[in-house]
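Structure first, commentary second.
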Amino acid sequence: MDTSRLTRIDETSWQIEPSGAMRVPGIIYGDETLIRAMDDKVAEQTANVASLPGIVKGAYVMPDAHWGYGFPIGGVAAFDPNEGGVVSAGGVGFDVSCGVRTLLTGLTVPEVRRVQERLADALMSSIPAGVGSHSGITLQGREMDAMLRGGAAWAVEKGWGGAEDLARIEERGRMEGADPDCVSERAKKRQRREMGTLGSGNHYLEVQAVETLYDPDTAAVLGLAEGDVVVTIHCGSRGLGHQIGTEFLRDMLPAAAEAGIHLPDRELACAPIHSPIGERYLGAMRSAINCALANRQILGEFAREVFARFFPDHPLDLLYDVSHNTCKVETHTVDGRPRRLFVHRKGATRAFGPAHADLPEALRGVGQPVLIGGSMGTGSHILVGTGAGDKAFSSACHGAGRAMSRRAALKRWRGRQVVDELAERGILIRSPSMRGVAEEAPGAYKDVDQVVIAAERAGLARRVAHLRPLICVKG
Amino acid sequence: MSMAQREQSERGWALEPHDADVRVCGWGPTPEAAFEQAAVALTRVVTDAPLAARERVDVHCQAPDRELLLVDWLNAVIYEMAVGGLLFGDYSVRLRGDRLEASLWGEPVDRARHAPACEPKGATYTALSVGRDRQGRWTAGCVVDV
């Protein structure tokens, strides 16, 4: 990115001054290296977001950002419904509520190393991963609607997991305001056989070692100790969310025009929150959030079943489950006044600080866990929200962020080579597609350590632990 | 396909880089051919394997302009792939004003043989274009979220 267009605020904050149609500034977080590596399109898209009606304070960009469609991936923006604020399908994205959950195993690395190959194979055969995979679960009619209303709570009712899981999921496992009647039959049909599937691309299940603790006291509250093993699952709302994104992106184009909203980019398709289509989208999008929460709950239970075969005395307790692509109604203090805002996070994690009422009691002293996904080889991070200054409406980064296109990655690596090199480092990869592995090669991503350090320095969240992969089932 | 070959070929497809996703692009002597080739590119996002024409699916869509029609067309293909568990290798497109009718031929996903790499989630309006290039060929393309 050309930094001459930006005003540097401090070491890790840069501002796009309001100009033209922009109603608020754009704020980009990251160190100079990360900012320079970002595409100029990120700044362009941030300025476009800043021009939408009803936007509050600023259009924010996380340190892992890259250009997406409409909103940058890693973009955060809040809208006030009482000031003509909008809800944007492009501001949420296609994979609604794509997110991460981490489960504690209570196992040590040597215990897992003893069965690592067999465990990897068992996970590969039990976790439906990649295009064309199925879990054997078929949902339709009333049961589909019940899932869309109930989220992870529905999954627990059906026997996938226990009630204690729900406290450790955003929204306590069930997003209020979901309306399955707002979800098209096509979207439901697309989801019919996709519950309990991981998906493909950058979605994965990883068995990880807790390698470094940055804050042992907070780690202890989260249940993490050095040398422990955890399981992390990254996936979303599958075909249902994709179809909702597709349909509302299209339907919001004429809706924006009818509402007199100028769209600098068609991907910013949006509608006033208080409009029939805006409310329909919220009913559908919240249903998709529940779909993702239910999906991760089922996949977590599949992982538990596999681990129980090897370690029957080690139930996998849920540490936490976060979503990345959402629009949620939250109260934030703006200019000293609490306001109910519609906060869009697209490729960003909610990062409430300590004492926030929405956190489970056990975590209220430390802040919301922020689970940062890795890229097979480079590791993952666990952070917690700081609440400091309610920066970016309490948001943090969500992953490493890609540094290289899939095509460029394919030219540079072969899947088998990636698998072999990682195996030499003690990381076992299982995937239905070697091409998929090459496209997702660790080197195709930004340096996740640099991203989380920038997030910490910017005060968005603070580091608790670094995780190193042992096994990765890649979708 | 090299840039030179691409310049000279009457019809074809390409996958073009995007930070996280991929742009599919097709070209040919008519808009219909460009739409067909863009769909071939979409298939190649998923697999490099040869595909048999064992099953046929018909789709239709309608949109106020050709660019939106391209997005709807690719989304219709994505939908049929997802719902039917199919991969399509051959496409026949007919354009009538603002309406598209098409036939798709393919086969069920065979995970061992096709080794599908990733699943398209949806066609986007990013880098969306339908028009003629310098050689007078029709081109059609957009970024697909994967």
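Start at 1 and count along the chain as shown; that gives each residue its number.
Note that Cβ sites are derived from N, Cα and C of the backbone, with glycine treated the same way.
Taken from TrEMBL, the feature active site, GMP-histidine intermediate applies to A:His398. According to its DSSP assignment, A:His398 (active site, GMP-histidine intermediate) is coil. When Cβ atoms from all protein chains are considered, those within 10 Å of A:His398 (active site, GMP-histidine intermediate) total 30, not counting its own.
Sequence-distant contacts of A:Asp95 (Mn(2+) 1 binding site), defined by Cβ-Cβ distance under 8 angstroms and a gap of at least six in the same chain, are A:Gly199, A:Gly236, A:Ser237, A:Gly241, A:His242, A:Gly245, A:Asn325. As annotated by TrEMBL, Mn(2+) 1 binding site applies to A:Asp95, A:His203.
The DSSP secondary structure for A:Asn325 (GMP binding site) is strand. Residues or ranges marked as GMP binding site by TrEMBL: A:202-206, A:324-325, A:373-376, A:Ser380, A:398-401, A:Lys474.
Per TrEMBL, Mn(2+) 2 binding site is recorded for A:His234, A:His324. The Cβ of A:His324 (Mn(2+) 2 binding site) lies under 8 Å from the Cβ of A:Ser97, A:Cys98, A:Gly99, A:Val100, A:Gly236, A:Arg345, A:Lys346, A:Gly347, A:Ala348, A:Thr349, A:His398, each on the same chain and at least six residues away in sequence.
Listed in sequence order, A:Pro63, A:Asp64, A:Ala65, A:His66, A:Ile73, A:Gly74, A:Gly347, A:Tyr445, A:Lys446, A:Val451 are the same-chain residues six or more apart from A:Gly401 (GMP binding site) with CB atoms under 8 A from its CB. Candidate binding-site residues A:Asp95, A:His203, A:Leu205, A:His234, A:Asn325 yield A:Asp95 as lying near chain B, with Cβ-Cβ distance under 8 angstroms.
Scoring each of the binding-site residues (A:Asn202, A:Asn325, A:Ser375) by how many neighbouring Cβ atoms lie within 10 Å, the top position goes to A:Asn325. Between the alpha carbons (Cα) of A:His234 (Mn(2+) 2 binding site) and A:His203 (Mn(2+) 1 binding site) lies a span of roughly 5 Å.
A C-beta separation below 8 Å, combined with a sequence spacing of at least six in one chain, links A:His203 (Mn(2+) 1 binding site) to A:Cys98, A:Ala129, A:His234, A:Cys235, A:Gly236, A:Lys474, A:Gly475. Using a 10 Å Cβ-Cβ cutoff, A:Leu205 (GMP binding site) registers 26 neighbours. The DSSP secondary structure for A:Ser375 (GMP binding site) is coil.
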